[in-house]
2 protein chains.
Amino acid sequence: MERAARPGGPTIAELGESAVLARILPRLAPGDTTLLGAGDDAAVVAATDGRFVVTTDMLVHGPDFRLAWSTPFELGWKAAATNLTDVAAMGARPTGLVVAVAAPPATPVAVLEGFADGLREGLAVLAPGAGVVGGDLSASSVLTIAVTAFGDLEGREPVLRSGARVGDVVAHAGERGTAARGLALLFAEGTDPAGMPDAEAAREVRARHPELVRAQVAPEPPVAAGVVAAVAGATAMLDVSDGLARDARRIAEASGVGIDFDARALGPDLRVALAGAEDHGLLATFQAGTRVPEPFQVVGRVVDDPGQVLVDGERAGADGWDPYAGWDGSSG
Amino acid sequence: MERAARPGGPTIAELGESAVLARILPRLAPGDTTLLGAGDDAAVVAATDGRFVVTTDMLVHGPDFRLAWSTPFELGWKAAATNLTDVAAMGARPTGLVVAVAAPPATPVAVLEGFADGLREGLAVLAPGAGVVGGDLSASSVLTIAVTAFGDLEGREPVLRSGARVGDVVAHAGERGTAARGLALLFAEGTDPAGMPDAEAAREVRARHPELVRAQVAPEPPVAAGVVAAVAGATAMLDVSDGLARDARRIAEASGVGIDFDARALGPDLRVALAGAEDHGLLATFQAGTRVPEPFQVVGRVVDDPGQVLVDGERAGADGWDPYAGWDGSSG
């Protein structure tokens, strides 16, 4: 059995749904655009642009996170961060989230409280003004979190994956491989002798490599850089969730171009920088001659090799990440 | 083990995430307000009103549905129907959904195809013009579905739970207890000798009581009646998901009034009409003298007894439904 560092106190089943929600909702700050928050059949959010951007994502205990490795706070933070980055990758300003949680009835309410605190703080740091607009609480044997995030384009056109053109420069903002290094450490050393995730072993990993573990369990992606890139005229952009190589290929295929990375710009460990998933940086292209805005760094150029990813002119492998690959079906 | 009537064919793990999505996405029709559909980091939806209505809900195999009792098509239909009704209960016109699914890797892809077909047809029948805007596919040992639905207020104010005033009439649109009767039949007779949900036993229940089972597994709530009520001046409204008594109490508490039902108007089986959950009808209040629009029927009046539900002037019990009550923690 996986051993998690779970708080004690009453469980969801002991308190009942209404009392649990009464403890959770006050921890969630409304957003600047929230016209009507939780408590009715639906919420009402301002969309002064006349359009809204929307993305949804589900996180499942086992394949997507482990309570032995992440605190509830970190889980809430990461749930916010990963969805905010998808909104940012369209060039939109995040305005809010709705969050549905399905949890085992024996889950301590303190787990949900910590999760709510992480959501709130993640929003406050990464997307000030965005709030949690509504939610849902269900029962399941597997802790499962579904986040839907919204954004406002503020009159701009969305930045798609399909807009890169030969001759554009390729730029990246955020970590390159750090989250993957943290996950590899947790898999290698954050386990008990039987190989199951273990909270105590994970604490020791954290003590030795706090930044690598934090990049995995509570990433700080460059959410604000999405609007910055759009304003600067980004021609294409996406959230790097599955690794730089695999996500660059998505721009390459959607745009009918090649993405040629400059190996030196990607740092000393090229393989991890290209293959490492879950950094949630932003990969964007800009017309040549554009002053590429901070925190973006130029890491390559767009070439005429449709659908291909290259490094220093050589075609690269298709490294990436598939949620079904390598998962053995157990939650531990 | 629960025996479900599952289709054969390749599984999600056999096809891989990308190939699965390539088979699912063409089954989902875009909506009239979809400016950018699935395929980028996020979708873009028109919100010409300058606001949007949003609600989210998670459905979990076990507490919320059984594949032995529902076909994948029915599951998709119900996922759409229940969320559309929450949008309708605000007086908004549904414009679209995003859908996240977490499924065991051994799930036949045909299950997801049937689910997508049910979503599409449910939308086409219940909310023409609304489409599936985006989605997500994850791995889990428990089939889990999260739907987030959107709506447009078309310039009207949202109809809240808090607007009922003493002297208003109380009106209801939809079924009263039918879905609960269907569920009770499935629990009583749709099981194997060990008491587990069984597809063959459920087929026999269906043959004898098609309308009761359909009301449970593929309800047809009066989604269009939400806008009708708002236009007619409804002072309060909600989706009756947890039973008429429990949901009426929500209006009573939010509005600081009493809801007094007329027993004769509720039909012959008063107990089931008041306590039966999951009909997803609409309960609304209108100023006295308002011509209550079809398909609403007058079922009571708003009285000066704050927070109370009454029947023919007598206070009623707090019958209702809690997702954690009576669930034994197994998925079967």
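Glycine residues also receive a Cβ, built from the backbone N, Cα and C atoms like all the rest.
Note: B:Asp86 (Mg(2+) 3 binding site) has non-local neighbours B:Thr55, B:Asp57, B:Ala149, B:Asp239, i.e. same-chain residues 6+ apart with C-beta under 8 A of its own C-beta. B:Asp86 (Mg(2+) 3 binding site) falls within a helix when secondary structure is assigned with DSSP. Annotation comment: TrEMBL describes B:Asp41, B:Asp86, B:Asp239 as Mg(2+) 3 binding site.
The Mg(2+) 4 binding site annotation in TrEMBL covers B:Asp41, B:Thr55, B:Asp86. Cβ contacts within 10 Å of B:Thr55 (Mg(2+) 4 binding site), excluding its own Cβ and spanning all protein chains shown: 29.
Less than 8 angstroms from the CB of B:Asp136 (Mg(2+) 1 binding site) sit B:Val98, B:Val99, B:Ala100, B:Val101, each of them six or more residues away in the same chain. According to DSSP, B:Asp136 (Mg(2+) 1 binding site) is assigned to a strand segment. Annotated Mg(2+) 1 binding site per TrEMBL: B:Thr56, B:Asp57, B:Asp136, in sequence order.
In the structure as shown, the Cβ atom of B:Asp57 (Mg(2+) 1 binding site) sits within 10 Å of 22 other Cβ atoms. Taken from TrEMBL, the feature Mg(2+) 2 binding site covers B:Asp57, B:Asp86.
For B:Asp64, B:Glu278, B:Trp321, the entry in TrEMBL reads substrate binding site.
Here TrEMBL flags B:Gly135, B:Asp136, B:Arg161, B:Ser241 as ATP binding site. Its own atom aside, the Cβ of B:Gly135 (ATP binding site) has 24 Cβ atoms within 10 angstroms in the protein chains shown.
Annotation source TrEMBL lists Mg(2+) 5 binding site at B:Asp242.
Regional average pLDDT for the domain 'PurM-like N-terminal' (B:39-151) in the model is 97. Marked as domain 'PurM-like N-terminal' by TrEMBL: B:39-151.
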Practice problem: Select from B:Asp41, B:Thr55, B:Thr56, B:Ser241, B:Glu278 the binding-site residues whose C-beta atom falls under 8 Å of at least one C-beta in chain A, and return them in sequence order or as 'none'. | Solution: B:Asp41, B:Thr55, B:Thr56
Quiz item: Pick from B:Asp239, B:Asp242: which of these binding-site residues has the biggest number of other Cβ atoms within 10 Å of its Cβ?
Solution: B:Asp239
Quiz item: Using DSSP, what's the helix, strand and coil tally for the domain 'PurM-like N-terminal' (B:39-151)?
Solution: 35 helix, 46 strand, 32 coil
Exercise. Determine, to the nearest whole angstrom, how far the Cα atom of B:Thr56 (Mg(2+) 1 binding site) is from the Cα atom of B:Gly135 (ATP binding site).
Key: 13
Quiz item: Counting Cβ atoms within 10 Å across all protein chains shown, which of the binding-site residues B:Asp41, B:Asp64, B:Glu278 comes out on top?
Solution: B:Asp41
Quiz prompt | Conformational class of B:Glu278 (substrate binding site) under the three-state DSSP mapping | solution = coil
Quiz item: Closest to B:Gly135 (ATP binding site): which of the binding-site residues B:Asp41, B:Asp64, B:Asp242, B:Glu278, going by Cα position?
Solution: B:Asp41
